[in-house]
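To keep things clear, I will list the structure first and then write my remarks on it.
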Amino acid sequence: MAGRAQLQDGADTAATHAGRLSDRDFSRICTFIHERTGIRLTHSKRLRIETGLRRRASVLRLSGAEEYCRMVFDEGGLAEEVAHLIHLATTNKTDFFRERAHFDFLETRILPEILATRPAGRIHRLKMWSAAASNGAEAYTAAMVLAAAAARGPRFDFAVLGTDISAEMVADATRAVYPASWIEPVPPALRERYFMRSQAGASEPLVRIVPELRRHVRFARMNLVGASYPVDRDVDVILVRNVLIYFDPPTQKAVVQRLAGHLRPGGHLILGHTEAAVGSALGLRQCATGIFRIG
Ligand SMILES: C[S@@+](CC[C@H](N)C(=O)[O-])C[C@H]1O[C@@H](n2cnc3c(N)ncnc32)[C@H](O)[C@@H]1O
C-alpha cells in the first residue's frame with residue numbers, strides 16, 4: 001500500500017509539473033516576447049501567463065505548460081503559436097474617452113488650429129492614427145469627436161487608422177461590438193448618434209458602432225517595435241497611449257521617434273498621462289499633459 005501511495009504521489013507530481021511553467025520556460029517566453037514586441041514581462045505577469053498557457057495547452061490536447069513550451073521552442077511550433085503568445089503577453093485594457101482631457105484638447109485646440117490653416121474652399125481630410133488601438137475604443141472615441149465636429153461645421157473629412165500587435169484585438173476593433181455597459185463614459189448625445197443597440201435576445205446587451213462612423217475607421221495589425229511603419233508620413237494626430245509603459249527606455253525612445261516621423265509639420269503626438277516623461281526626455285514641445293507638437 002505504501003509503495004502504491006508513493007507511486008501515485010509521484011504520478012501526481014509529474015502531472016502537476018507538466019502543467020506548471022518552469023523558470024526556464026518563463027524565461028524563454030520573456031526573451032521571445034521582449035525581442036518580438038518590446039514588452040518586458042515582469043514576475044507579476046507569471047501567473048497570468050501560466051494560466052493562459054495551460055488553457056492553450058488544453059485546447060491543443062497537450063498535458064500543460066511544459067509540453068506546450070517544448071512544442072513551441074524545441075519542436076518548431078513557434079510560427080503557429082506566435083499570435084497566441086503575443087496576445088497572452090499584452091495588456092489590452094482600454095475605454096471610450098479614456099483620459100478625456102486629450103479628446104477635449106483635440107476638439108477645442110488641435111482641430112480649430114488645423115482647420116484655420118487649411119486653404120479656403122478645399123475640404124480638408126484630417127488623418128489620425130491610434131497606434132496601440134486595443135479593441136478600438138480609442139480610435140472610435142477620436143472618430144466620434146471628429147464626426148460631431150464635422151457635423152457642426154466647418155466641413156472636413158477624416159480618416160482614423162487603428163493598429164495593434166494583437167490580431168485578436170484588431171479583429172475585435174473591426175467588429176466594433178461592445179457590452180452596453182462600456183459606453184457609460186460616452187456623452188449621451190454621442191451615444192445616441194454613434195451606437196446601435198443589439199436586438200433583444202442577446203444574453204448581455206450589446207452595442208455596435210454605426211456604419212456611418214465605422215466607414216471612417218480602419219484597423220490593421222502592426223508592431224510598434226518593427227523597424228519601419230507602413231503608414232503615411234503626413235498624419236495630423238497620433239495617439240500612442242498606455243503602451244510605452246510596457247517597453248524599456250531605449251524602445252520607448254525609438255518608438256516615439258519613429259512615430260514622430262509620421263506626423264506632418266505641426267502635427268500632434270499624444271502619449272498616455274503616465275508616459276509624458278518619455279516625450280519630455282526627448283526634448284519634444286509639450287502643450288498639455290502628454291500632448292506634444294512636432295515641428
Ligand atoms: C493597455 S492597451 C492601450 C489601449 C489604448 N491605447 C488606451 O490607452 O486605452 C495597450 C495595447 O498595446 C498593444 N501593444 C503592445 N505591444 C505592442 C507593440 N509592440 N506594437 C503594437 N501594439 C502593441 C497591446 O496589444 C494592447 O492592445
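Note that Cβ sites are derived from N, Cα and C of the backbone, with glycine treated the same way.
What TrEMBL records for this protein:
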- 14-295: domain 'CheR-type methyltransferase' (DOMAIN)
- ASN92, THR94, ARG98, GLU138, ASP164, ASN223, LEU224, ARG241, ASN242: S-adenosyl-L-methionine binding site (BINDING)
Lowest local Cβ density (other Cβ within 10 Å) among binding-site residues: ASN92, ASN242: ASN92
Greatest inter-residue Cα distance in Å for the S-adenosyl-L-methionine-binding set ASN92, THR94, ARG98, GLU138, ASP164, ASN223, LEU224, ARG241, ASN242: 22
Number of other Cβ atoms within 10 Å of the Cβ of ASP164 (S-adenosyl-L-methionine binding site) across all protein chains: 28
Which same-chain residues, if any, lie at least 6 apart from ARG98 (S-adenosyl-L-methionine binding site) yet have Cβ under 8 Å of it: ALA137, GLU138, THR141, PRO185, ARG241, ASN242
Around the Cβ of LEU224 (S-adenosyl-L-methionine binding site), the count of other Cβ atoms that are within 10 Å: 23
